[in-house]
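As recorded in TrEMBL, the features of this protein are as follows:
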COMPBIAS  713-724  compositional bias 'Polar residues'
COMPBIAS  1126-1146  compositional bias 'Basic and acidic residues'
COMPBIAS  1213-1230  compositional bias 'Polar residues'
DOMAIN    29-116  domain 'Ig-like'
DOMAIN    127-217  domain 'Ig-like'
DOMAIN    249-339  domain 'Ig-like'
DOMAIN    342-429  domain 'Ig-like'
DOMAIN    435-521  domain 'Ig-like'
DOMAIN    525-612  domain 'Ig-like'
DOMAIN    629-724  domain 'Fibronectin type-III'
DOMAIN    787-889  domain 'Fibronectin type-III'
DOMAIN    893-989  domain 'Fibronectin type-III'
DOMAIN    991-1083  domain 'Fibronectin type-III'
REGION    712-735  region 'Disordered'
REGION    1126-1230  region 'Disordered'
TRANSMEM  1096-1117  transmembrane segment
Amino acid sequence: GLFMCVCMCVGNRDACLHAGFCASVPQPPTITHQSPKDYIIDPRENIIIHCEAKGKPHPSFSWTRNGTHFDVEKDSKVIMKPNSGTLVIDISGEKAEAYEGVYQCIARNEHGSALSNNIVIRQSRSPLWSKERIEPITVQRGMSLVLQCRPPAGLPPPIIFWMDNNFQRLPQNSRVSQALNGDLYFSNVLMDDNRNDYICYARFPHTQTIQQKQPITVNVLDTMNDTVLAAFLNGSDFWGDSPSGERAPTFMQPPGMHSTSMVLKGDTLQLECIADGLPTPDISWSKVNGDLPSGRFSFHSFQKTLKITEVTDADGGDYRCLARNRLGSNHHIITVVVRAAPFWISAPQNLILAPKESGMLTCRADGNPKPTVTWSVNGIPIENSHKDPSRKIENGNIILSDVQTGSSAVYQCNASNEYGYLLGNAFVSVLAEPPRVLTPPNHVYSVITNSRALLDCASFGSPLPKITWFKNGQSVVDGDLYIIHKNNTLEINVARPVHSGKYTCIASNSLGNKENHVYLEVKEPTRILRQPEYKVVQRNGMAEFECKVKHDPTLFPSMIWLKDNMELPDDSRFEVGSDSLTIHDVREDDEGNYTCIRNTTLDQDSASAMLTVVEATPTPPIIMEQPDPPRDLELTDQREHSVRLTWTPGDENNSPIQLFLIQYEDSLHEPGVWVNMTEVSGTSTTAHLELSPYVYYSFRVLALNEVGLSEPSAPSRQYRTNPAQPEVNPSDVEVIGTSPDSVTITWRVKHFDFCILMATLSLSPPFIKAQATNAAVTYSRQIPTVAPENVKVYVQNWTLAEVSWDAVPLSTVQGRLNGYKVSYWKLRSLHKQDPEPKKPQELIFQGNETEGLLFGLHPYSQYNLNIRAFNGKGDGPTSSNQIFETPEGVPGPPADLKVENLNLDSLIVKWAPPVEHNGHLTGYLLKYQPINTTDKLGPLKELLLAANETSITLDNLKHSTRYKFYLNAKTVKGAGPTVTEEGVTIMDEAPPVGRMFGSVNSSVEEDHAVISWEYSGPDRNVYVEYVVDNSKEPWKTEFVNGTRTYQIRGLKPGMSYRVRVVAKDHSDATVHSTEELLITVPAMTSKQVDIATQGWFIGLMCAIALLILVLLIVCFIKRNKGGKYPVKEKEDAHQDPEIQPMKEDDGTFGEYSDTEDHKPLKGSRTPSNGTVKKDDSDDSLVDYGEGGDGQFNEDGSFIGQYSGKKEKDTAEGNESSEAPSPVNAMNSFV
């Protein structure tokens, strides 16, 4: 296709050169693209240093490295791209360090040399953590603690976070938090802080590598006596009488009472205060002698960090952080000093001059400290360049005078201080070019009536051409009707048909003239005359919506129907006609909102109506009524003594219309009197009407059917016929004598401009004759006596309205009519209560104008209006007030758009409603897309949000990614202006979405319960919570460290508990939870627990001991007799390897004797696992135990013997030297 570049030369000529216009025009080099000043490279990839420039002829490129020429051709690893200065350095097999340094690109042609910034190339580094041995840290409960991270210095600096052995983030809160330098601070330690896997990780973002520090072990000591504590800690001193005692806050970071922080203007300031104290102190912030900057500050890390974005000079000063707990408070003052790297106030701009012209290059920059400004020419310091008599430097500006052809050059301005520098290139091109008009010739501009028209006249030349506009050969002057912009565009703010025609712009300079012709066509707007109406239709019936349109004859509107703002269903029941939509065999799902849209290439109009579907009912009897009144009266084919009236019939109400009766009112001579004018057939919708001169006509139409006449239609707009010569003489002349020397004469006349209906005359001579004439107008010097009437307002759109009125009779003007003054003012907004009414605005319409336009109205508002005539003496009386309302418009931009980090893959977008609703908000349109490091935009996503929403959480985003957000508010008229904001997802893990928890199970014993669950989310921040059933106590929370089971200890026997497992986010809010589980702990009375102290048990033991003694005596007697005994038979039947065998030679208890009665029986040991076998005892006391070790309780009882460890190994059982318990004694004899 044909492409044309059109550039607009606004105030200078270099804009056309920037646009690439005209290959024959010389141009010094201009840098168009370059790498950033600080360029950190990845050693695994090739180095690409960008440098692109344009100029005519196309520039050549060269480079310097560390201030000296860099010969690209001598290094085989370096390639310069064709027609470009971009370098590609292949570092495969080479060390990237070899190419570190400061690079600068020079683009030159015969007209000058342009310089890039100094580009510092540095290799990214992610060094390993130095090998170190970290000794365990011992701290007493309640004391403060700092775990240092101290990562290796990387480029760029690493991102620090703390995790455990299971790669779960360590929970942080107001007591435990990570400082800005990465260290982990404990305001006071708890016993739960006792662990051996505090691990600091450093993530280097450029190389996407993570380094891990050796785990740190923290041993937390509970309260102990001073002697033991001192011996353990080698005499360490602690605060107060009790090392773990409560104390008022003191500051850990920064230490002391005062510190200083420096920040650069425009950067983000982060102030930090971390306090030691018990209980954990609360932190608050304030600014001394001022307030925190509204909308730019936020708190982080549990109020310990104050963050201020986009720092300004006003943010300097003292900031106070206050730490407070119930024992007292302490404060720290941070003095913020704001410095500024150089920034442009006025950067040097390209300058195009004609020979002999003068010009000036300015370079204004500011900073803190004040930057030093130096100039160079084609890369050479100006003091070392060749002397140019047309150039001088004054107050840091370069003054050029009487320039000559061939003195083109590129100037460089450098502004620098200790925090940075700015380098600006600006060329001076000396050209002699005749004018050229760049706008295409004979271009046709088409606009809609009452809209804005812009006619372009883009030009180029040197010297700068002067533009002159003409319409149909007449000069166009900048004023109320026309506005000529600085870029020479001609604007017609409100285009009317009279503005259509041929426009000519002429560009002139000292080298010649050039003209161009364009054409403006002002079209009639597209309007829907017959809008669809609300319908209630029975199921299986038919619904028909009309959409009749009036449009400009040269435009051809298309019609689109929508259902609930969506395309119509693909169903043959929907029949779209030229001006209607018919739905056959209506169903329930056809119910909804139907919208008709009539589009042309220039504008559109739309209208909507609801369809309600009801159940079919018996057909009611046909009831005939009078027809509805006609509507939409229009006057066309307007002539001096005739006009054509058209209308739209109303509903005939089951009786065909037989005829239409047309009536008129003459508001000038007989206001309020309607006269029958003519009748037309009931099938007609138009009539040609013959009119009389000098009548102010208004027409109305009535319809007649068998039942009767309809109500009159609304009156048409007024149509006035001009005065004409009288056609007949006066009639009904009467003369009545009233005195000897006078008579009174009366007569009737037809509509004349001016006539006397009655007069009293003196009879000298006594001769009277009446003749019709047009009377002359007399003048006086009094204000008008009558206010304009029939004031009407037609609202065109939400910012424009048309007003019309009847002219006041000339006889009431009392002088020459100068015109009319229209006053209008906003009463209130239809959406909200305005604080005060607006001041009236006034428009003046000259002469006999009786209609005009009101511009700049506020959408969705109520206005008041009145009109008064005025003459040379002053203003006449004011008409009655007319109140009108403007329709809804598009809303203003949403306020205060913010994007906040939530976690790894989520962002929260917040905003406030628009200040100007301009109607009822229907919702918001949110669009967003990712932006990569080169500012390239990713795919765009859209969300439609409800009008009452002011925030939304976006999940499933890419981690560590910058997103750009676009937000519009919407009304029924469309979307308002767009506001944009950017946000970045943080380096963290995302919270799980959906249902994360599965089934939950439990097992309960006498004082604890084991809870197990299924969970598909990350294990960090998972807790078990429990509370006594039917109690008002708060839930107890215990942290779960990366497992799927957890044992709740310390439960009370006989009590019921409610238990649940929850997952929380960083703010400690619950995001997922299981259903509550009800568990009951078995009852265990104190008698069962302390059984050894009970009297009945002691008696039982004594009885057993006596029985054993009797059995021993019996066995001894039988042994001496050599016979067998029942015990021997049982031992033979139940061999136990752990019971020492009897002697084989005689089958007796060889080791038993009267002298060894004090020794324990060999067969009285417990089994090796410390339990009583189920076969031996169904109700063993051992089952009530929990793994005791045979030690006595504090009360001296031997209850531990009843609960030996179930998992004690065999060796422990065989090597036990403890005295046998009564239970073991019973076991040996069972």
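Note: Cβ is positioned from N, Cα and C throughout, glycine not excepted.
Residues 629-631, 633-635, 638, 640-641, 643, 645, 647, 665, 667, 691-702, 752-753, 774, 790, 792, 804, 806 of the same chain lie 6 or more positions beyond the ends of the compositional bias 'Polar residues' (713-724) yet place their CB under 8 Å from a CB of it. By number of Cβ pairs under 8 Å, the domain 'Fibronectin type-III' (893-989) is matched best by 127-217 from the list 29-116, 127-217, 249-339, 435-521. In the predicted structure, the domain 'Fibronectin type-III' (893-989) carries a mean pLDDT of 83. Between the domain 'Ig-like' (29-116) and the domain 'Ig-like' (342-429) there are at least 3 Cβ pairs closer than 8 Å, counting only pairs 6 or more residues apart in sequence, which means the two stretches are in contact. Here the domain 'Ig-like' (249-339) does not lie next to the domain 'Fibronectin type-III' (787-889) in space: the count of CB pairs under 8 Å, restricted to residues six or more apart, is fewer than 3.
Within the domain 'Fibronectin type-III' (629-724), the DSSP-based counts of helix, strand and coil residues read 0 helix, 50 strand, 46 coil.
According to DSSP, the secondary structure content of the domain 'Ig-like' (127-217) in residues is 3 helix, 36 strand, 52 coil.
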